[in-house]
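Engineer: OK, TrEMBL features for this one:
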BINDING   Glu108, Asp170, Ile172, Asp173, Asp322  Mg(2+) binding site
Amino acid sequence: MSLNCLRFVSHSLKKPPSFHLSYLPSSSSSSSSTVIVAMSYSKELAAAKKAASLAARLCQKVQKALLQSDVQSKNDKSPVTVADYGSQALVSFVLQQEIPADFSLVAEEDSKDLRKDGAQETVERITKLVNDSITSDGSYNVTLSTEDVLKAIDSGRSEGGSQGRHWVLDPIDGTKGFLRGDQYAIALALLDGGKVVLGVLACPNLPLTSISAAGQLSPDNEVGCLFFAEVGGGTYMQPLDGSSAVKVQVTAVENPEEASFFESYEAAHSMHDLSSLIAQKLGVKAPPVRIDSQAKYGALSRGDGAIYLRFPHKGYREKIWDHAAGCIVVTEAGGVVTDAAGKPLDFSRGKYLDLDTGIIVTNQKLMPLLFNAVRESIKEKAASL
């Protein structure tokens with residue numbers, strides 16, 4: 001009688017942070033015997049941190065010299081920048097250099113628009129940005145052609161799924177924030193068997209210290225954070241310059257009146273009226289902190305706020321690259337991420353997340369109260385329509 005492979009993660013296990021455990025059948029004749037095999041994602045995590053950090057530097061360079069001509073339009077009308085394509089090409093290149101075996105990338109962009117007539121100048125700018133980034137890093141003695149860059153962008157066409165390993169990338173999450181000079185993130189995660197096993201968030205404009213209740217930055221506040229998490233190993237934050245990392249934890253606040261909450265900056269991305277009703281039911285007194293991108297997940301993982309609410313408008317389908325990295329960054333910091341029905345997010349079904357209404361994020365102690373407020377508010381809103 002054979003045993004099925006059983007993989008699990010438990011924060012209560014006494015094990016090195018870079019390992020999770022798999023229970024495999026033993027070759028012994030006893031049907032109840034198992035062999036514990038330690039598996040590490042440390043090499044993949046190192047590659048992900050390197051790729052996201054290099055992409056963040058590229059994006060910082062572009063943002064400083066942002067020109068109106070950098071912006072194209074996509075079918076969904078959201079802006080795409082030279083940095084967006086350059087970030088995806090660079091991350092794809094670095095990952096394939098560092099982890100070449102069975103490479104699969106699920107990413108937001110493709111080169112379709114860049115291959116159209118009139119796009120050559122844009123492609124050349126992207127190629128120069130990518131090559132400058134590779135040269136400044138010094139790890140790779142190579143110069144990419146424009147076709148190499150286009151192919152690197154197109155390597156993100158994987159559909160993901162429940163089998164094998166798939167990298168998941170949003171090259172610039174929060175493009176509108178990027179264009180305004182506000183928050184954005186390079187969000188990179190790894191799926192293994194449909195589960196998120198590591199995540200990295202590079203947040204070039206997020207301050208290293210806690211953001212204020214108004215979400216504003218002080219003029220002398222140093223910015224640029226890299227959050228990273230591996231399954232079973234906790235969440236860490238370090239400056240983008242690569243100096244030492246510190247372990248972070250979500251806030252331990254239990255009283256919702258003392259909680260603050262994050263939501264999307266753009267009203268088009270989330271129903272602010274529903275979030276306001278939920279906050280009212282909880283007795284939250286602080287105004288919402290509205291910032292772009294998965295930087296919200298990073299800020300919440302270190303305790304800047306207690307709650308993140310995201311309720312997209314009807315008809316919108318969440319993509320896995322908008323939440324995969326942020327989800328593990330928060331959960332490994334002790335937080336909880338579910339849909340509005342209380343179910344964990346399922347990243348195993350391809351490019352899209354099938355959700356009930358929206359996404360709610362908080363700590364373990366606040367989740368029961370938050371969940372009840374969410375369900376009551378959704379019912380009230382539906383009844384008023």
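Note: Cβ is positioned from N, Cα and C throughout, glycine not excepted.
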Engineer: Could you check the binding-site residues Asp173, Asp322 and say which one's CB has the most other CB atoms within 10 Å?
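Structural biologist: By the 10 Å Cβ neighbour count, Asp173 comes out on top.
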Engineer: Based on Cβ atoms within 10 Å, give me the single least packed residue among the binding-site residues Glu108, Asp170.
Structural biologist: Glu108
Engineer: I'd like the Cβ neighbour count for Ile172 (Mg(2+) binding site), meaning other Cβ atoms within 10 Å of its Cβ, all protein chains included.
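Structural biologist: Around the Cβ of Ile172 (Mg(2+) binding site), 29 other Cβ atoms lie within 10 Å.
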Engineer: Inside 8 A of the center formed by the CB atoms of Glu108, Asp170, Ile172, Asp173, Asp322, which other residues of the chain have their CB, for the recorded Mg(2+) site?
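Structural biologist: Surrounding the site, in chain order, are Leu169, Pro171, Gly174, Thr175, Ala185, Ala187, Ser293, Gln294, Lys319, Trp321.
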